[in-house]
Amino acid sequence: MLASQFAALAGACLVGALVFGVSWGKRLSPVTLILAGLVVSLYCGALNQLMVIFHHDQLQSMFLWSTGTLTQTDWSVAQRLWPQLLGGAILTLLLLRPLTLMGLDDGVARNLGLALSLARLGALTLAIVISALLVNAVGIIGFIGLFAPLLAKMLGARRLLARLLLAALIGALLLWLSDQVILWLSRVWREVSTGSVTALIGAPLLLWLLPRLRSISAPVMNGGDNVQPERYYVQWFVLAGVALLLLAVSVALAFGRDAHGWLWAHGDLLEQLLPWRWPRVLSALFAGVMLAVAGCIIQRLTGNPMASPEVLGISSGAAFGVVLMLFFVPGDAFGWLLPAGSLGAAATLLIIMLAAGRGGFSPHRMLLAGMALSTAFTMLLMMLQASGDPRMAQILTWISGSTYSATPERVVRSGAVMLALLALAPLCRRWLTILPLGGEAARAVGMALTSSRIVLLLLAACLTAAATLTIGPLSFVGLMAPHIARMMGFRRTLPHMVISGLTGGLLLVFADWCGRMMMFPYQIPAGLLSTFIGAPYFIYLLRKQSR
């Protein structure tokens, strides 16, 4: 028990230091803090998913714990938690004055004699330790820590002590109500985890609160001196990119490992390997191109280079649509995969539009709405995994982003869908050029703002859904590729889109090849591997902007 508590504390302190360290330079900017927390959560989820792939049967009991469960067989957990709760309450009361002063302006707090950095560090350490001990005891129960203090403030508690006491009571009440709902469900249907219910309740609440948020701005990317000047003679760069992509595809097809070591396949050996390799390589290529173009569209649409299909929850929505379809459509349901994925992605975007519409489709509201939906979808998928349903075991590899099940027929269908969708993208280049300038500028030049946004969102949803069917929801190609293209100096719409697509295809082909060869004969899904690369890159970008 002590070992598990120490492991939870160590992991929480490491992640907390990373997340808060990223946003420290902007006085703990709310959006930067949430973005960093989400990406680190996705990264840790990818690590968990990797362990699940290799040790699925041994970790079955961990699925239920990870979704948060209050099911107990004795009083041991309560007896262990109450001294920790009492100690945390005493330390919180000792920090009452510093916490009150931290609610003021930094300059005022310093003038009143507060050592601001030390006080922040102490408060954050206490919050992290309490969270780690609770997660170790009952698993991950989300949204309670967000909504209990917020509801306490909305109910009129202005003084910090009153807010702390009222938040504790509200949190206990919310969790008790969630647990009662679970007990009722267990009688009429089946038992589900407490964390899943709180996430499903919390996500709509966050969407409801979004229009009431004020004075929050999303981090705006400023490349500064590191950004190259605008590139011209784009056709030469496109030809170079195509040549590099062809070289990467050739290497992925011919170069690899076997039981005797590394070799370059040729002749009869290459003919034997090609039927196994080329569907996977082309699947990764097509998915990378579609995710990159979708990311380019979303970033220009929101005016925020931090946006991507993964961050906005569109990939998770598409994956959830596919999983639901597999539960309700019997037999071979391949013909329903793309419609189900597109419907899930489009529904996600529709909810984001409705939640952010009252704020004029501001980027930060779209990001927060996407994060709420992504959290809810992820928790639902974890709940389905914990159910022990054999159908979830069958799609576990796909959810992780593997091209293992790629077949020639599916590759041809994926390529046809990609070509059809990419043919529509250049038709939207005028909209994508004007939208980053803001809504007022778009209206001033006579642009139909609402209809253009709907068309672009639907195009991004279809691209994301088609890519998710191939590579799963875990990938950061939609974030990395457009930003790399921008850093190279391609900021005009069409060159930015083309170079982003080439970069995305190259990244995912490379990730798929590395995933097949790094732990040969075992394989790491390309989606997970690209997440391991993309999440640190995203954190680096956030840290760069917080300075």
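Residue 1 is the first one shown; counting continues down the chain.
The backbone N, Cα and C atoms fix where each Cβ goes, and this holds for glycine too.
Not measured: the values here are computed from a predicted model.
Going by TrEMBL, these are the annotated features:
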type: TRANSMEM; residues: 31-54; note: transmembrane segment
type: TRANSMEM; residues: 124-152; note: transmembrane segment
type: TRANSMEM; residues: 164-186; note: transmembrane segment
type: TRANSMEM; residues: 192-211; note: transmembrane segment
type: TRANSMEM; residues: 232-256; note: transmembrane segment
type: TRANSMEM; residues: 276-298; note: transmembrane segment
type: TRANSMEM; residues: 310-330; note: transmembrane segment
type: TRANSMEM; residues: 336-355; note: transmembrane segment
type: TRANSMEM; residues: 367-386; note: transmembrane segment
type: TRANSMEM; residues: 454-481; note: transmembrane segment
type: TRANSMEM; residues: 493-510; note: transmembrane segment
type: TRANSMEM; residues: 522-542; note: transmembrane segment
Quick one: do the transmembrane segment (454-481) and the transmembrane segment (522-542) have at least 3 Cβ pairs under 8 Å, skipping pairs fewer than 6 apart in sequence?
-> yes
Selection from 232-256, 336-355, 367-386, the stretch that has most Cβ pairs under 8 A to the transmembrane segment (31-54) = 367-386
For the transmembrane segment (232-256) and the transmembrane segment (276-298), check the count of CB pairs under 8 Å (sequence separation 6 or more) and say whether it reaches 3 or more.
-> yes
With pairs closer than 6 in sequence left out, are the transmembrane segment (276-298) and the transmembrane segment (367-386) joined by 3 or more CB pairs under 8 Å?
-> no
For the transmembrane segment (192-211), out of 276-298, 310-330, 336-355, 522-542, most C-beta pairs under 8 A are with 336-355
